[in-house]
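Below is one structure, written out as structure tokens, with a few remarks after it.
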Amino acid sequence: MAQWWLILLGLWTVLPSLAGGKLLNVCMNSKHHKQEPGPEDKLYFECMPWKDNACCTRDTSWEAHLDEPLLFNFSMTHCGLLTPLCHKHFIQAICFYECSPNLGPWIQPVVPNRQEEQRLWDVPLCLEDCEEWWKDCRTSHTCKADWLHGWVWDQGKNGCPAHAPCLPFSDYFPTPADLCEKIWNNTFKASPERRNSGRCLQKWFEPTHGNPNVEVALHFAGSASAPQLSYSITAFSLCLLLHA
């Protein structure tokens, strides 16, 4: 019987890391993502932080920098040009979404129980990321808080719905959290944690300082796998007791 308890102890030790590993260093199953992350030494400007290990290609990184990114067939100039600083935040957010291999814990199927296409859900952006994005965009204009749904499409281009006036971002997004969480329909979540806390993700970082999101993904991958593993190993433990 002692040998079974040794095996059980080993399971408690090893399985969490194995299960969490499935959520690490992965790419989404999505239109523009590579199947596996890897080096891409010719990524454009704001996508460069991921050049050593990226889920995006050079072409994807180039398209992310356009005023009307071909990636989503979506015009960010529906209420006129964004300010340069505001536009830069959106480029960084698109690069983060397309290039990061550290988003595994937040990947969800678009259709429940099917993995043909995936999306991100509640990615915890650091407090400073949301605050700076909101501050630099509050004087730019938009006509909607949800940029994923409810547009009027004409000749393949998105336009504002009737009775949806172009107003400063701050009218549609009164707080930094509103901007982070509403604009792409809960793709991001405004975290109360700060950068370098190990508990939130940065949508951009200095490449020379290393990727801080690796540690964060590791933490959340372990947290995500813990409940299911605990249930499975507890059930196995009860079986051992019943047959002792």
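Cβ atoms are placed via backbone N, Cα and C, with glycine included.
Features as listed in Swiss-Prot:
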DISULFID  Cys27-Cys55  disulfide bond
DISULFID  Cys47-Cys95  disulfide bond
DISULFID  Cys56-Cys99  disulfide bond
DISULFID  Cys79-Cys166  disulfide bond
DISULFID  Cys86-Cys137  disulfide bond
DISULFID  Cys126-Cys200  disulfide bond
DISULFID  Cys130-Cys180  disulfide bond
DISULFID  Cys143-Cys160  disulfide bond
CARBOHYD  Asn73  N-linked glycosylation site
REGION    62-81  region 'Important for interaction with IZUMO1'
SIGNAL    1-19  signal peptide
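Among the disulfide-bonded residues Cys47, Cys79, Cys126, Cys180, the ones whose Cα sits within 10 Å of the Cα of Cys99 (disulfide bond) are Cys47. If you look at the region 'Important for interaction with IZUMO1' (62-81), the same-chain residues 6 or more away from its ends with a CB under 8 A from one of its CBs are 31-32, 44-47, 56, 87, 90-91, 94-95, 98, 140-143, 147, 156-160, 166. Summarising model confidence by region, the region 'Important for interaction with IZUMO1' (62-81) averages a pLDDT of 83. Listed in sequence order, the residues of the same chain lying 6 or more apart from Cys130 (disulfide bond) and placing their CB within less than 8 Å of its CB are Pro176, Ala177, Leu179, Cys180, Phe188, Ala190, Ser191. In space, Cys137 is the closest of the recorded positions Cys27, Asn73, Cys95, Cys137, Cys200 to Cys166 (disulfide bond), judged by Cα positions. Under the DSSP three-state reduction, Cys95 (disulfide bond) is assigned to helix. Rounded to a whole number, the C-alpha distance linking Cys56 (disulfide bond) with Cys95 (disulfide bond) is 8 angstrom. Cβ neighbour density within 10 Å is lowest for Cys160 among the disulfide-bonded residues Cys47, Cys86, Cys95, Cys160. Here the C-alpha separation of Cys47 (disulfide bond) and Cys137 (disulfide bond) works out to 20 Å.
For Cys180 (disulfide bond), the count of additional Cβ atoms within 10 Å of its Cβ stands at 28 [all protein chains shown]. Comparing CA positions across the disulfide-bonded residues Cys79, Cys143, Cys160, the one lying closest to Cys200 (disulfide bond) turns out to be Cys143.
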